[in-house]
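Peer 1: Swiss-Prot feature annotations, pasted as is:
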type: BINDING; residues: GLY81, 84-85, THR89, 91-94, 109-117, ALA121; note: 5-phospho-alpha-D-ribose 1-diphosphate binding site
type: BINDING; residues: GLY81, ASN112; note: anthranilate 1 binding site
type: BINDING; residues: SER93, GLU226; note: Mg(2+) 1 binding site
type: BINDING; residues: ARG167; note: anthranilate 2 binding site
type: BINDING; residues: ASP225, GLU226; note: Mg(2+) 2 binding site
Amino acid sequence: MRLDQIFATLFNNQPLTQEQSAEFFRAVVNGEVAPEQLSAALIALKLRGETIDEIAGAVTALLTAAQPFPAPDYPFADIVGTGGDGANTINISTASAIVGASLGLKIAKHGNRSVSSKTGASDLLSCLGVDINMSAENARQALDEIGLAFVFAQKYHTGFKHAVPVRQALKTRTIFNILGPLINPAHAKRQLLGVYSPELLKPYAQTNARLNREHSIIVHGSGLDEVAIHGKTQVAELRDGKIEYYELSPQDFGFDVKPLENLRGGEPRENAEIITALLQGRGTDEQNQAVAMNTALLMKLFGHENIKQNAEQVLAQLASGRAFDTLVKLTAY
């Protein structure tokens, strides 16, 4: 059996090819890998360090196995973070997705329940009255009509359930933590992706290149999986097959450095109140700045190159309260 060969390769500390990795993860989501085998394989991958081929193979397998989403022909993007930064901030990427859509961008936001913070994207949106389990057809209609869809990971990646007991028992990060942001079932070719460690910038950029993604901006902001208001943000930008590495500071967006403490979040209900106030034009300077900086880079994925002008536009949109209208419309689907 081919799986035996794959296990032998892993346990000899050798890397899998992209095809072998795809075959292994196909077997995982089909429930064909015993928990003991999966546990051993995940640890073998982790200790050696997952290669770009292994990550890309896993992504390909998981996207093929996912429940279908009717992806549109027009350009659209995803904005997502790895989580795991331990900072417990408000849901900046979810707020940025809503604001971006209110400015005319098309955003299919992939998200899940919280893993390490108190409030994940789906926890927050549920609290705000959004049907996170809406059908793929309804989500696509929302994307067409209001520029925003929420693509709930658990609904589309049903095969993940086979890995849950092992992941919970291992209590450590595995390749599954890396895969989450890469497996949007809508197959977004553009993405703003926040990572919990600067060491992940290069592998994510290289994996997105291997997967022929059009334009990805991968960020790590001084300890956050977001663009930072409190310090430097390291960036890996993939465009047309080329990867560029650079740093951004709040000044590049027209802002001063602000303390991170003022972005602390809480339980879902608490975060929902904060995000509602923010979208209605009642956010604090720090909250507005965080969303403006992240949305400014989201706009860059659609050809708006001047991030300072983008940030100004976002601040004006927040002050107007129009972003809240987009959220209200989303609750109707």
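From the backbone N, Cα and C atoms, a Cβ is placed for every residue, glycine too.
Mind running through what each feature is packed against?
Peer 2: In the shown protein chains, 26 other C-beta atoms lie within 10 A of the C-beta of HIS110 (5-phospho-alpha-D-ribose 1-diphosphate binding site).
With a cut-off of 8 Å between CB atoms and residues at least 6 apart in sequence, the same chain places SER93, PRO181, LEU193, GLY194, VAL195, TYR196, ASP225, GLU226 near GLY81 (5-phospho-alpha-D-ribose 1-diphosphate binding site), listed in sequence order.
Of all the Cβ atoms in the protein chains shown, 30 others lie within 10 Å of the Cβ of GLU226 (Mg(2+) 1 binding site).
Secondary structure at ARG167 (anthranilate 2 binding site), as computed by DSSP, is helix.
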Peer 1: Please report how many Å separate the Cα atom of ARG167 (anthranilate 2 binding site) from that of THR89 (5-phospho-alpha-D-ribose 1-diphosphate binding site), as a whole number.
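Peer 2: Here the two Cα atoms are 25 Å apart.
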Peer 1: Among the binding-site residues ARG113, ARG167, which residue has its Cβ surrounded by the fewest other Cβ atoms within 10 Å?
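Peer 2: If we count Cβ atoms within 10 Å for the binding-site residues ARG113, ARG167, the smallest count is at ARG113.
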Peer 1: Neighbour count, 10 Å Cβ-Cβ cut-off, for ASP225 (Mg(2+) 2 binding site): what number do you get?
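Peer 2: Total other Cβ atoms inside 10 Å, all chains included: 27.
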Peer 1: C-alpha of ASN112 (anthranilate 1 binding site) to C-alpha of THR89 (5-phospho-alpha-D-ribose 1-diphosphate binding site): distance in Å?
Peer 2: 16
